[in-house]
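Each remark here refers to the structure printed beneath this line.
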Amino acid sequence: GARGSAAPRWSPGSLRAVHLENFMCHEHFQLDFGPHVNFISGQNGSGKSALLTAICVALGQGARQTNRAKSIKTFVKEGTSYAMIALTLHNGHGADAFRPDEFGDTITVVRRIAASGASTFKLMAGRRDGAKVSSDRKDLESMLDHFNIDVNNPMVVMTQDSSREMMSKGRPSDMYNFYMRATQLEELRANLVEGIEKKKAMKAILSDAQHDVDKEKEKLEELEQKMREYQEIRDIDESIGKVREQAIWACVAAKQREADEARDEAGTVALQAQQKEAALQKAQDALARANEAETDARQGDGGVSAIVARMEEIKGQAKPVMDALKAAKKEANDAARQKTHCTNSVNTAARTIASLQKDIKKAKVALQGMDDAGGDAKVRAAREAVAAANAKAKDVRATMAAIEQADASAKAALQQADGNKLQQERDVRQHESDLQRYSRMGGSSASVFSPVADQVLKIIENNPRAFARKPLGPLGALIKLTDQRWSGAVSMQLSKSLDKFVCSSMADAMRLRDLCRRNRIDLRRVNISAVNFDLPQHNISPERQPDPSLTTIYKVLKGEHAVVINVLVDVEKIEQVVLMPEENADAKDVAFGRRRRNVKTVVCGNGTRMEMKGASEVMRPFGGRLQAKIGADQGALIAETRAALEAAKAKLAQACAAAESSKREYGGMQQQVRAAKLERKKAADAVTLAEAKLDGALAKANDNNPDSQQATIEALQAELEREQASLQRFQGEEAEAEARAAATMAVADERNNALGQMKANLEQAKAEHEEAYGGIDRLRQKVQRAEGKMADAQKQLAGARKNAHAAEKVADDKQAEADRDEARVAARFAKPDVMPRKTQVALETDMERLEKRKKRAEAQLGGGSYEELRRQTSKQRKRTQRSESTLDEVLLPFGKINDAIKARSKRFKVAQKDTARQVSHRFQETMAERGHQGMVDVNYDDFEVNLRIQLNMDTNRSGGVEGGQVTDVRSMSGGEKSFSTLAFALGLGQLCDSP
């Protein structure tokens, strides 16, 4: 109890309370400890020792260590199914507290022992009804280590047996054993002995490794000695290698000589070609004079070059604009097609205007040199032909655009038909697979929900001991419906959970997965989860459910196990899924209207699902076939699946026919596209031909008919005005199209305008380029006439050059072959300073002679080749190196272990000496309180502890003690013997920091 009025102070790790249930003789026992010394008294058999045993067992001690039982289940009170110990220790919040943020002021250790012998630990924050922090035994050991509590140390827990043994027997050897356990020197000694044994084992391994190294070195020495005997053979091999190398280089030298001869021949032919070139010098002089004329003609080429540079610059600027235009057109294809149509009309009108302008310009030039009329009718006819050809080309382009649009639609229809065909094929395969599975399922309904369910169930039945509790599943086989008409809708809604297997723990779930993998079951087809089997079935309050008048899956579902319903509530929210017979206004009112309180999803009889997604109303029609899996029998499933299979085959046939029809239609459209492209090409060719005829007519009309030519110019001007009016109309249509597509074609319009400006600039530059080259062409004709004069001379030179080229090619081929051979040989052998003089045949004869000499030498040494001996020596050298490496690997840890044992032995001896001195000193202090003197004599060599006591004879009259000198405590009186034993125990106990 408390001393005076001061509040009790508890040290961390001290006992606060103990609670027992069905432990040994205690059925229900509760005891609260005081902060100081606690005394427990009672009659024999009342359970005092049982209480001490319970404390030791709660702190992790085994049954045999308590000396009260051989098995932990013996502690369970007879007639009960379990025993429970709750031991509360003080923790506090200071620096000495153990994880105070988690456990708080006190820690309660709860150990539960089943009658079968299984036991568990729990560490609770606060009293035994507090929150569980851990159930890991390692955390219990960490706490005991933190508080320095060792229940196996007799100075921490001194039982009746240990105290009785020490007081009654008192033999030096027993005192020594007690001393070693109490001071924990026994544990240090055991660790030292274990290290010494490891050292002995390592030493044996080291000896074996050294023996292996010696053996391998002996073998290596024998082989190396034999290698030295083969020195002569090796010299012969070197000579053979040198001769072989010389033979290879002799072959290379022969190829090089052939190449040199071919090069000389090519030089002769090249000289002949040079003579022909000298003969052409006069023709070249004439050409030089022609080139001077061409240079004069190029005086205006600077302007042409500038125009060409400007054209290239415009093209370079147009490329990024065109790329941006393509990207903009892609964003709005429909508007782009309309825009393209209008743009084509504008471009056509622009080209026509440019052509008319060109014709007007030509006609004006022709008018300047005319002195009478002529050819006007032909020019008008040619111009009308050009206009007609342009009109027809315009119509053909419009037809082409319509055909291409129809072709794109036909292609999209074909792709959709092919996709529908593939889906129907998948449905047919799925129905066939289901039909086969249902036909094989026998009396089990599990395979309805998963194709591997029967295999998983067989694994569970064959391995009952692999699981703490038997897994359940599939969930679809463990539930029933109160109204079978909802089977199809419920099966569809819960499809992701009906194939699930549930385990009582994550460990069981991992074991089941491992067993499935071992039995070669695809884990992607196995749905396994871990849930709590001990929870009662969820009680869904009315506040969490929809209107009572509505039918939910939770109301129509019954499960064989509470855990099955709990999983469906937690995962599928079945208490909030409403079932409606039809897809009508009532169903929508429940899903989206005033009756949607606590409604997550509405499932209609046809499979349609309705639910709210944020502020959006979502309806998902069920595209497949509703299959009533829950509660269905095998015959009904087979019949239903067979009917569905026939329907799917019929749909597949329709899809195939539709796909073939779309394919034919697309093929027809492709033919029309090809025909339209041909027509477009013909129309373009007709325009080109008409324009060519117009150019010819204009050229022929360049006679003495100025009045007719003036009329022609006026007609062209009128046609130009009409085309300009058409251009304005087309541009207006283009503006309207741009206005209609303003939202999506703003960027495209900007890029197109820029590109149009660049095209106009490019057309203008082209016109200027053609005008500038008109004068250049006349000057270049002079150069062409000069070049024509050189043609004959060039023909004469061609033959000579051809011969020279052929000869040069032969020489190059031979040189290339020689270079390749030399490169291949040089990659293996160093090129000699002087090539061999002997031929290859002579060198090969030398090699044969050396080979025979080598064989004779090998025969004299008793058989076996040098190469074989070299391989054996190399292998033996590697084996020797590996043996030495193994020896080094053993030496390093052996040295570390040896050093560690020496250091540990030294520290152990120091600990022995210091411990004995401290225990003896404290023993003397306690004995001095009665006026006695004493010391503790520890003999580590003889494994004995003796108490040397000099009694105070003024206060002691022990019989048989002379002069007060005592060497055997058993000869002392009961009181002095007890006091001496207590002094010894206190001397040992002061070394222990246990609370």
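The backbone N, Cα and C atoms fix where each Cβ goes, and this holds for glycine too.
Checking the ranges 199-240, 829-870, 913-954 against TrEMBL, the coiled coil annotation falls on 199-240. As stated in TrEMBL, the feature region 'Disordered' covers range 799-821 out of the listed 86-108, 431-453, 799-821. The feature coiled coil, as given by TrEMBL for the ranges 246-273, 638-665, sits at 638-665.
Among residues of the same chain six or more beyond the compositional bias 'Basic and acidic residues' (805-821), those with a C-beta under 8 A of the stretch's C-beta atoms are 251-252, 255-256, 258-259, 262-263, 265-266, 268-270. Non-local neighbours of the coiled coil (638-665) in the same chain are 410, 413-414, 416-418, 420-421, 423-425, 427-428, 431-432, 434-435, 438-439, 625, 627-628, 632; each lies 6+ residues outside the stretch with a CB under 8 Å from one of its CB atoms. Outside the coiled coil (199-240), and at least 6 residues removed from its termini, the chain residues within Cβ reach (under 8 Å) are 847, 850-851, 853-854, 857-858, 861, 866, 869-870, 872-873, 876-877, 879-880, 883-884, 886-887, 890-891, 893-894, 897-898, 901. DSSP states for the region 'Disordered' (799-821), grouped as helix (H, G, I), strand (E, B) and coil, give 23 helix, 0 strand, 0 coil.
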